[in-house]
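See structure below.
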Amino acid sequence: MNLVDFYLLAALLAFFWPDPGVAQELIYPIREELQENILIGNIPKDLNISRTNAATGMTANLVYRLVSKAGDKPLLRVLSSTGEIYTTSNRIDRERLCPGPSYEENECSFEIEVVILPNDYFRLIKIKIIVKDTNDNAPMFPSPVINISIPENTLINSRFAIPSATDPDTGFNSVQHYKLVNGQSAFGLDIVETPEGEKWPQLIVQQNLDREQKDTYVMKVKVEDGGSPQKSSTAILQVTVTDVNDNKPVFKENQIEVHIPENAPVGTSVVQLQATDADVGANADVRYVFGAQVSLAAKRLFALNSTSGLITVQRPLDREEVAIHKLSVMASDGTSSPAKATVTINVTDVNDNPPNIDLRYIINPINGTVFLSEKDPINTKIALITVSDKDTDVNGKVICFIERDVPFHLKAVYDNQYLLETSSLLDYEGTKEYNFKIVASDSGKPSLNQTALVRVKLEDENDNPPIFSQPVIELVVMENNKRGSFLTTISAADEDSGKNAEIVYQLGPNASFFDLDRKTGVLTASRIFDREEQERFLFTVTARDNGTPPLQSQAAVIVTVQDENDNSPKFTHNHFQFFVSENLPKYSTVGVITVTDADAGENAAVTLSILSHNENFILDPYSGVIKSNVSFDREQQSSYTFDVRAEDNGRPPSYSAAKVTINVIDVNDNTPVVIYPPSNTSFKLVPLSAIPGSVVAEVFALDGDTGMNAELKYTIVNGNNKGLFRIDPVTGNITLEEKPALTDIGLHRLVVNISDLGYPKSLHTLIMVFLYVNDTVGNVTYVHDLIQQTMETPLDRNIGESNETYQSRDYLTIMIAIVTGAMVVIVVIFFTVLVRCRHASRFKAAQRKKQGAEWMSPNQESKQNKKRKRKKRKSPKSSLLNFVTIGETKPDDPVHEPINGTISLPAELEEPGIGRFDWSAVPTTTFKPGSPDLARHYKSASPQSAFHLKADTPVSVKKHHVVQELPLDNTFVGGCDTLSKRSSTSSDHFSASECSSQGGVKTRAPMHSRQVQVVEYTCNGFREPRIETGKDT
C-alpha cells in the first residue's frame, strides 16, 4: 500500500466511524417456532429512551420503524408508537436460518434494524435475535436400508462402520443414541464420538460367522435424539457374510488435508490417494469410492477416480458456499472390509466476489423511488445500507461512498452499515429528481465494486407564493367606454407545481368599476368611466395558489382615465355681481370671473371674452380679471351689465355664457347740504310764553350719498351753554328745554353741526341758527343788525361774551323807552314791559357771561375797559380768533373775501361719537354761488370711506373738506321737489312741501302737535300773530 492509499483509507475510516450516540444494540434470545404476536422486547424501556430531546428540551411523539428490504417477509414487527417487538405470522425456523451442521447451541441468529423518528430524535437500533433450537426434527439415516458385507473369518469384536444419522437440530436435540434392534446376539452396536462431536455408530461382531450356515443377517438400527419429547427413526441393517479374504487394503494416510483455491479450474487435481493390498491377483485390486457420509453436493464438486484414487475438481468451487469439504474415501479390494481415509479440502479465498449492498429504506419507496419533501430538514434519514463481501481478509474489506456530488451523504453507524441522509436543504424548484449510485468497493487486487442505484424525487411544498410579472400595473383608458371592454390580462407565475402552482386571481377593495376573471386574469371594465368623477383608480389584485396553506401576493393596479371634451366650461355663477367704489381710478381691477372646466388638458383650457362690444371694461381672456376702462361716479351711473363667454380648446370646442354686473358703491364724498334754514341771516322769534318742548326752529339737510353715508345727525356744538334749547339728532327740530326767563331775552346764536354717518370718517357741515327771545320784535332791522354784529364773534364763543356793546344798546333803548313812555300811557305800559324784558335779558346775559367764562370767554374787564370798547365798537385786532363780518351785501361784493381762522371747541361741546372737528381744513363750498361762505370761520374734514371688493382692487381715498354756507336770500340747494310743510316763524317768507333727493332722505320722525302762538317778523314789516300747529313730517 502506497502513501496515497494509506491517507485515503484513513480519511474514509474517520468519516465512516460509527456514532455511538446514534447507533445502539439490543440482543434478544428467542426460541424458534414461536406463535404470532408474542412479545419479544420493548425498545424504549430496554434502552431507557426518553421522549425529551436533550439538546432542545422539546418533547415529541417518537416513531419506531422497522427497516426492511423491499419484498422481504419480516419475521418480527415493531409497533411504531410504543417500540414493542412482536412475532409475525412468518415462522422462525432455526434450521432454515442456519442450514448445515451446527455444533454450538447459540450460534444461529439474525439481525433487524429499527430507527427512531422524527429526525431530531433519530437513533438506529440494531437488534440481534438469537434463535434457540427446539426439537422439531427427528434424526434420519442416509438410507432406509443399510447393507454391510462381513467376511466369514472376521474376528470377534471386529468393528464395521455403519452410516451415521443426521439431525438438523443441535445440542441435545440432535443425535444422541443408536440402538440395534434384533441383533440376534451375533452383532452388537457401539458409538464412537469424533473430536468435532459427531457420533458414528459401529457394528461389532460378537461371535464367529459361518457363511455356510447363515450368509445374511437382517436387523434394525434405531437412532434417537435427546430432545423433549424425544424423536427417533430406524433403518434396516442387512449384513451379508462373504467368503474369506485374507488381506484388506490399507491407506498410506488415513487423514489428509489439502488447500485448493476456489478459482481452481475444473479438472484440477486435488489429492492423490494411495491404498495397498498384500494380496495378489484379483484380491490385490483396490477400488476407491466415497463413503456414505459424503454429501451429494460434495460428490458433485469433486470426482474420485475409482482405480487411481485421484480426486479432481469436477465443478467450479465457491469458498463462499462451502469453505471446507470433508470427504471419506473407502478403499476396497472386493472384500467386505474396506479401508477408510478422510480427506479435508480447504477451499482458499480468491477475490472473486464483488461487495454486496443491502439497501433497506427507512422512508418507504414507491416503485423503487424515494419521495422526499423539499421542506425536510438536513440529516433526514433515507435508507440503511449494509455492505458485505463473501471474500475474506483483505478481499472482504469494503468501503462505501456516493458516486457523484448530490445533497446526500453516508454516515457510518457500524463497521459495515451506513445511513443515507440529506446533507443540505432540498429545493424542488432547483432540482426535482436525483439519481445517484452508491458504490461499495473492496480492497482486493484488483478491487471489485458494486453499485446500487438510488432514485429520489422531491415533492413540492407550497413554499413559493405567486409572483406578478410587474408589481405595479399601470393602465390608461378613455372615459365614456363601453361596459365589459377589455383592459388587460394580469398574470402571475408560481415556481411550485401541481395544485401549489394553480393560481386564482381576486380583486381587492376599491375595484367596483372592474371585473377580473379568477382563472385567466382578464381585467374588464364593469362600468362606464367618467374622468370628471374619478380620474384615477388605485386598487390591488391578489394572486393566491391552491397550496396548503395557500400563499398569495399582491400587485397594485393604477388605472388612469383619459379625458374627452364632454364638458362645457362652467362659470361659478350664472350672474357675477361685483361692487366697486366710485372714484376708482381707470384700469383698476373691479373683479375676477371664475370659470371651471371639468375636463383636463387642452379640453380644460378656457378663453374668456366679452360678448357685446363694451368699451367700459377690459377682460383678460385667461385670468378672468376685469379692469375698468372708465372712472366710476355712482351719482352718474350706479351699475354696468354685460355678458361674457367662455370657450375651451377641445375639438370640437364647447361654450358657455354668464352675465356680469358691476355695482358702483357709494363713497362718502358728499357733505350734507342744508336745505333749511335758507340762509345764515334768518332768525326765529321765541316768545317768552313758549312752553318747554315746543318746536322753536328747524334744521333740515340732504346728503348726495347713499346708505349710511346719507344718514345725518344734528347736534348743537355752541351757543347753548345754558341748555335752553335741544335739537333732535334725527329730525333736526330745535325745541325748548325750559321756559325762557327775562334773563334769556335777546339774540341767541346756535352753532349746529350736521354730520353724516359715513365710514371710516364722517363729513359734516356747520350752520348758524339765530333765535330771538322776546315777546315781540319791535324793529326787525335792529335784529338783523345784531345778527350782522355777531358775525364778528368766533363760533366757539357765545355772542354775549366777546363784547358788551349789545348790552349798552339795550340800556339806551330802555332809557329812551322810559322817557317816551312817560308821555304816553300806552307807550309807557309797552315800554315798561320792554324794560322788564331788558332787565331779564341783562340778568341772563350776566349769568351766561359767568358760565361761559369757564371755558371760552376771557376774563371780564373793568368797567372802564367796557366803556372804551363801547366807544371803539370794533373788534380788537389782537383777538386770538379771526372774525368775519357778514352784511347784507351782494354775493359779488368785494367785501366778501374769505378770512381764514381756526376755532377750537371745548371738549364738552364736542359731539360724542363724532370726534373733534378739524377746523383747520379748508372745505369745499356746497352752497350755490352767491351765498355767504361760513368756511371763513370754521372748517371740517372727513376721509372718504373705502370699499374693497377684491384684494387687488385699488380704492382711491379722498378727503372732503366741507363747510356749509347758507344763502342770504330765500333759496335752498338740492334736488328736491318740495319741502315738507312745517310750522315755523321766520323772517323770510318760506313754505315748502315734502322733498326727496337722489341720496334718499329718511322720513323725519313725527312730532307731537302743539298750539304755538307765533308772531312772524320780516324785513318788510310786522305781521299779525297766528296760531299754527307744528308737525314734523
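Cβ coordinates come from backbone N, Cα and C, glycine included.
According to TrEMBL, the signal peptide annotation covers 1-23. Annotated domain 'Cadherin' per TrEMBL: 26-141, 142-251, 252-357, 364-468, 469-571, 572-674, 686-796, in sequence order. What TrEMBL lists as transmembrane segment is 811-835. If you look up TrEMBL, you'll see 848-881, 982-1008 marked as region 'Disordered'. Residues annotated as compositional bias 'Basic residues' in TrEMBL: 865-876. What TrEMBL lists as compositional bias 'Polar residues' is 982-1000.
DSSP assignment over the domain 'Cadherin' (686-796) gives 18 helix, 43 strand, 50 coil.
Restricting the average to the domain 'Cadherin' (469-571) gives a pLDDT of 92. Contact between the domain 'Cadherin' (252-357) and the domain 'Cadherin' (364-468) is supported by 3 or more Cβ pairs under 8 Å, counting only residues 6 or more apart in sequence. According to DSSP, the secondary structure content of the domain 'Cadherin' (252-357) in residues is 10 helix, 45 strand, 51 coil.
Secondary structure of the domain 'Cadherin' (26-141), assigned with DSSP and counted as helix (H, G, I), strand (E, B) and coil, comes to 12 helix, 44 strand, 60 coil.
The helix, strand and coil residue counts that DSSP assigns across the domain 'Cadherin' (364-468) are 4 helix, 55 strand, 46 coil.
Note on the domain 'Cadherin' (469-571): DSSP counts are 4 helix, 48 strand, 51 coil.
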